[in-house]
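Report on the following structure.
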Amino acid sequence: MASMNWNSKSTISFTFVNAALCLLLVLHFTTTCEATLSSKFYDKTCPNAISTIRSSIRSAISRERRMAASLIRLHFHDCFVKGCDASILLDDSSTFTSEKNALPNRNSARGYELIEDAKAKVEKICPGVVSCADVLAVAAREASLAVSGPSWTVKLGRRDSTRAYPDVANTDLPGFTENLDRLISRFGGKGLSARDMVALSGAHTIGQAQCFTFRNRIYSNTSDINASFARSRRSRCPAAVTQGSSNLAPLELVTPNSFDNNYFKNLIQKKGLLQSDQVLFSGGSTDSIVSEYSKNSARFRADFAAAMVRMGDIEPLTGSAGQIRRGCDGSILLNDTANNERDVIFNKNSARGYELIDNAKTEVEKICPGVVSCADILAVAARDASVAVSGPSWTVKLGRRDSTTPYPDVALSDLPRFTESLPELIARFEHKGLSERDMVALSGSHSIGQAQCFTFRDRIYNGGDIDAGFASTRRRGCPVSSGDSKLAPLELVTPNQLDNNYFKNLLQKKGLLQSDQVLFIGGNGQHCI
């Protein structure tokens, strides 16, 4: 259909947020949002996703083994903040602050660019299919394997968050000075047991920590740290808080680049680098677990793998929640980019109703936040708009995702023009999988609404296939050299009702737009009219 401007004085009532619509959305999405994760989620839609991520991550870790620890930690920090939804990967936007700037992550969390690289490679083979959250989950498993750690079955099918939660990151992520009871409580709040907590802490068998995270511990002279270990750590971590705060030390001394159980052996010797590590073996309830893991590497590996699976199950966005981000940093925002579809010539000062969809979305968010996509709201809104002006109803299929990227170039090339010929229009609709009959039927929506003078000026002054009296009438509201934005009804008889008078007008050569009248000029679509 050619671009047009809806009549602001129309009796159309865009009441998209009435109780019936909300009930429809709630009933539909309470089932789809309960979709479960599955290791086979991408078997048909992107069968090479896992191998592509694996290759990308293994290559990166071969260049820097420390990155294995960083990726496992990144997945952990993602899951502990509102679930495993890739919110940690989002950059700052006009509407929220990134989790990257939260205190536990700032100048600490690493590996963002590796996830971006892996995602970019996956996008090349199956664009818009695999979520950033799933890329991160798979990357953590591959990171473990790359340093001789255990493997586990990664459940897939997560969606990506549309916003970040820095405040939650500041409150929910464990601190490096916390005591055992506090740590157990934090993990328990995420549905993880004390055994899960100890097993997951074993990831500190690889990686490094910055001086500021362990300075107090190595200078405290308390009984829970080996004296010689403390002295050796002081050589790279000065007591003065203004010096060496970012200097690094390995979290585990013996095999800092291999995933094994030496971390637990260190704890028994009071050589835990962080206070939050050593409290796992300090006369408390988890001493027995640490002791078990220090003696039984196989048990530790099995428990770590199981705990990673359980951690991956923390509040995932599935089904209709969230989105599939094309870029994991979310830097492309539809309303805040220099190039968006709203400013394309066919939409600028023409397409309307954005605020009504925003209002509808706001109302739906109140009853089921993070569930219903804007794309589905727009689809339902179109159906209800038709019904509101005595038009037909139809069953709206739901479950669409929202794009994170506008496509102004595609809008310029793919949207029908108001001056196009019948063959051009047929070709455009066929390219979208729509038949000639579909095209004529959809054009019938021009039974309502109005068009601006500049879209029909040439037709009413120069057209040969137009009723003379109709052209004369239209010229009064559309001067030959001014009044571009002046409006005229697309259909004369019942301009505020969706009926078949539009087609009767075409038979009388009273189509306002050239792209309307070409539907009845002796062409293939004439029998449909």
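Keep in mind that glycine also has a Cβ here, set from the backbone N, Cα and C atoms.
Feature annotation from TrEMBL assigns signal peptide to 1-35. Positions annotated as domain 'Plant heme peroxidase family profile' by TrEMBL: 36-332, 328-529. The site 'Transition state stabilizer' annotation in TrEMBL covers ARG73. Among the features that TrEMBL reports, active site, proton acceptor is placed at HIS77. For ASP78, VAL81, GLY83, ASP85, SER87, GLU99, the entry in TrEMBL reads Ca(2+) 1 binding site. Positions annotated as substrate binding site by TrEMBL: PRO174. Under the heading heme b binding site, TrEMBL lists HIS204. Sequence annotations record features per position, and here TrEMBL assigns Ca(2+) 2 binding site to THR205, THR255, ASP260.
Mapped onto this structure are the features recorded in TrEMBL.
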residue	record	contacts (Cβ under 8 Å, 6+ apart)
ARG73	site 'Transition state stabilizer'	ALA109, ARG110, ALA203, GLY207
HIS77	active site, proton acceptor	ILE88, GLU99, PRO104, ASN105, ALA109, ALA169, LEU173
ASP78	Ca(2+) 1 binding site	CYS84, ASP85, ALA86, SER87, ILE88, LEU89, ALA133, LEU136
VAL81	Ca(2+) 1 binding site	SER87, ILE88, GLU99, TYR165, VAL168, ALA169, ASP172, LEU173
PRO174	substrate binding site	PHE80, ARG182, LEU183, ARG186, PHE187, SER276
HIS204	heme b binding site	ALA69, LEU251, GLU252, TYR263, LEU273, LEU274, ASP277
THR205	Ca(2+) 2 binding site	LEU251, GLU252, THR255, SER258, PHE259, ASP260, ASN261, ASN262, TYR263
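Under the three-state DSSP scheme, ASP260 (Ca(2+) 2 binding site) falls in the coil class. Here the binding-site residues are GLU99, ASP260, and the one whose Cβ sees the fewest other Cβ atoms within 10 Å is ASP260. Sorting the binding-site residues SER87, THR255 by the number of other Cβ atoms within 10 Å puts SER87 first.
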